[in-house]
Amino acid sequence: MEPLYGYAWIIPLCPFGASVLLGLGLFCLPGATGILRRACAIMSTLLLSVSMVISPNLFSQQINGSPTHQSSWSWIPHKNIPLEVGFFIDPLTSIMLILVTTVGVLVMIYSDSYMSHDQGYVRFFVYLSFFTASMLGLVLSSNLVQIYIFRELVGMCSYLLIGFWFTRPSAANACQKAFITNRVGDFGLLLGILGIYWITGSFEIHDLSERFDELIANNGINLLLANTCAILLFLGPVAKSAQFPLHVWLPDAMEGPTPISALIHAATMVAAGVFLVARMFHFFKALPLTMSFISWIGAITALMGATLALAQKDLKRGLAYSTMSQLGYMMLAMGIGSYRAALFHLITHAYSKALLFLGSGSVIHSMEPIVGYSPDKCQNMALMGGLRAYMPITGITFLFGTLSLCGIPPFACFWSKDKILADSWSYSPILGGIAWFTAGLTAFYMSRIYLLTFEGDFRANASIGTVTDAPLPSRHSLYVGNLTKDSGNVIHTVPQFVQDEAVPNKSFGNVRNPSSSSPPKRNLRFPEESDFLMILPLVLLAIPTLFIGSLGAPFLREGFSSNLPFNWLDPILVYSIKTNSEDWLDLVLDSVPSIAVASLGILISLTLYGPTSSLPRDLREGIDPEATGTLGSLLDSIYNWSYYRGYIDGLYNLTFVRGMRTLAKTIYSFDRWIVDGIVNGIGISGLFGGVGMRYGGGRVSSHLIGLITGLVSLLILLIRNAGFFSNISHEYYPLFFFER
């Protein structure tokens with residue numbers, strides 16, 4: 001065993017220890033912990049930095065030819081079902097450790113400034129450290145049971161972080177939605193794990209892969225059962241990586257603090273699903289039906305995420321749907337056997353998307369003092385525009401991330417996405433067509449986000465009353481604003497916002513509250529660049545966004561087959577990569593189609609949203625009325641599809657939420673009136689029967705009590721019934737009354 005492998009357990013232990021210490025301090029000594037909260041944040045960051053330092057050393061040992069390493073200890077000794085706990089280190093593990101720790105450290109540095117005015121500052125770092133520790137534990141897990149446990153811990157932390165501002169109803173609902181949706185996937189994952197154990201007799205990833213290969217070779221397995229277990233296992237990644245149809249939680253997860261959005265959507269929670277598919281790729285690749293299922297789910301998710309992002313006005317939600325689409329690309333690549341391209345895109349996308357989310361947080365942080373602390377305002381791209389002039393560093397770094405997601409060389413995502421597009425087209429023209437069309441949509445909506453946010457004129461001042469007739473993009477250019485209807489035609493109105501003070505309204509609950517600590521004085525009419533601790537992570541993330549993709553470029557891999565990560569990332573690749581025949585000319589020729597598609601999407605976006613756009617405000621002007629009606633209907637359909645989330649949330653609400661409530665009410669009524677009615681009826685009849693048996697049991701005392709009770713009751717009735725005496729003739733009075 002290599003000496004350094006024996007210290008791998010320190011990697012998840014450091015952030016776990018930080019979360020435990022801060023949690024105990026917050027619980028036992030809240031006053032002192034609050035006073036020393038900056039020290040608490042520094043401690044969390046330093047401990048995670050220790051993990052970040054160890055991870056590259058494991059990485060270097062792997063690329064220098066060290067074998068994979070597995071250490072395990074007996075957890076529950078049992079002769080039939082022995083359970084072990086340990087860690088497994090291979091190239092996939094080492095590179096994921098670097099990804100999680102580097103992004104995690106930068107998010108912590110960023111959060112120190114972003115969350116500085118929040119009353120839950122220390123609590124945030126407790127959750128953040130535990131979240132990172134859970135993800136690191138998942139990456140190092142050596143068996144399926146351990147993976148399942150750490151996945152549940154990741155889900156619990158995401159519940160806490162998405163609902164961090166739990167006094168806001170939207171945040172409380174969002175964390176519940178994410179938790180319940182992931183429980184559906186995790187239930188399928190649990191069934192799949194049990195089914196795989198039944199087939200192979202092992203939970204250890206290395207052992208079950210070998211046993212499954214032997215069973216396949218000897219025809220000792222029922223393929224229907226194996227595919228069923230594999231699809232059930234895949235339900236876990238479907239939920240965690242927000243794949244269709246369990247993707248509905250992802251945009252609502254934007255209710256959490258923006259640094260958490262960066263961590264969830266870049267390196268941790270959503271990456272956990274792709275990581276599990278990669279870890280179990282030995283198992284999946286032997287089942288063509290399951291691989292086809294994975295590829296189609298990925299393709300549908302990629303296309304759906306791109307279409308849902310087209311008309312989003314919320315900055316973070318647009319990036320969330322972008323994440324959903326890119327994760328679909330990764331699943332598509334996994335399904336067609338392009339394992340290397342999928343993991344390559346996972347890495348390049350993680351750094352690019354972390355940069356974009358942290359950049360959006362910088363924008364939101366600067367917009368809040370101007371438009372208010374409501375997410376409907378500070379995240380609304382309709383109130384932004386022209387921010388590059390006021391926030392140049394944020395604007396430039398955000399542009400880097402945008403160009404990377406669009407697939408423009410030499411940025412990171414170009415290299416990985418280009419490989420996925422080429423492999424998908426070679427595998428299936430249908431899947432390839434979906435992937436290429438989605439690439440064009442990606443370039444369009446990412447350019448749209450950048451242009452609406454950073455280019456043009458600053459629109460917030462117009463929206464809060466200084467200028468009420470400022471032009472805004474039309475609805476038919478897929479811009480979402482407040483709409484009214486006039487004579488059957490959809491027209492735009494400028495949002496009527498009331499200027500807010502630079503403190504949050506109480507109705508927004510536990511939002512970052514500058515009133516607890518005086519914020520820096522800002523010009524309330526125009527935003528300013530964020531401070532150093534928020535800018536530093538953006539600059540550092542811009543470096544891998546620009547250069548890390550070139551590590552996987554074919555022309556750079558010649559002569560370095562054992563020293564670059566993407567050549568050894570998987571020892572069992574299902575396709576071979578050409579290295580000798582590819583040169584600059586081949587690379588350019590192969591990349592022309594993807595660059596052309598991305599450029600077309602950017603060009604359309606520039607035409608509609610660019611600062612020099614010459615199109616009329618309403619695209620119907622100057623167009624034939626008959627053609628305009630068709631075009632308007634088409635654009636309205638696209639707008640409604642995007643704005644209403646593809647109607648899937650409404651469908652789920654109608655079928656599952658309302659359906660379950662109706663079913664629950666029906667069952668409650670049946671239980672109350674039928675089941676309880678029968679039980680209560682039997683009880684009442686038993687009560688009266690018992691009383692009757694008591695007074696009819698032959699006891700003299702019981703007979704006397706009954707006789708006296710009856711006579712008294714009869715006498716009372718006779719006296720109260722006055723008409724009885726009036727109907728009796730006078731001659732019979734002496735029978736009733738004695739007269740003197």
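Each residue, glycine too, has its Cβ placed from N, Cα and C.
What Swiss-Prot says about this protein:
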TRANSMEM  9-29  transmembrane segment
TRANSMEM  87-107  transmembrane segment
TRANSMEM  124-144  transmembrane segment
TRANSMEM  147-167  transmembrane segment
TRANSMEM  258-278  transmembrane segment
TRANSMEM  327-347  transmembrane segment
TRANSMEM  395-415  transmembrane segment
TRANSMEM  425-445  transmembrane segment
TRANSMEM  532-552  transmembrane segment
TRANSMEM  584-604  transmembrane segment
TRANSMEM  673-693  transmembrane segment
TRANSMEM  705-725  transmembrane segment
Is the transmembrane segment (124-144) in contact with the transmembrane segment (532-552), using three or more Cβ pairs under 8 angstroms as the rule and ignoring pairs under 6 apart in sequence?
-> no
Report yes or no: does the transmembrane segment (327-347) come within contact of the transmembrane segment (425-445), defined as 3 or more CB pairs under 8 Å with a sequence separation of 6 or more?
-> yes
Counting Cβ pairs under 8 Å that are 6 or more apart in sequence, does the total for the transmembrane segment (584-604) and the transmembrane segment (87-107) reach three or more?
-> no
Could you pull out which residues elsewhere in the chain have a CB under 8 Å from any CB of the transmembrane segment (258-278), counting only those six or more residues past its ends?
-> 92, 96, 99-100, 103-104, 107, 110-111, 114-115, 128, 131-132, 135, 138-139, 147, 151, 154-155, 158, 161-162, 164, 234, 236-243, 250, 284, 294, 316, 319-320, 323, 327, 330-331, 334, 339, 342-343, 346, 349-351, 353-354, 357-358, 360-361, 364
Counting only residues 6+ away from its ends, which parts of the chain sit with a Cβ under 8 Å from the transmembrane segment (425-445)?
-> 295-296, 299, 302-303, 306-307, 309-310, 312, 318, 322, 325-326, 328-329, 332, 336-338, 405-407, 417, 593-594, 597-602, 604-605
Restricting to the same chain and to residues at least six past its boundaries, which positions have a Cβ under 8 Å from a Cβ of the transmembrane segment (147-167)?
-> 120, 123-124, 127-128, 130-131, 134-135, 137-138, 141, 174-176, 178-179, 182-183, 186, 189-190, 193, 236, 240, 252-253, 255-257, 260, 264, 268-269, 272, 276, 279, 508-511
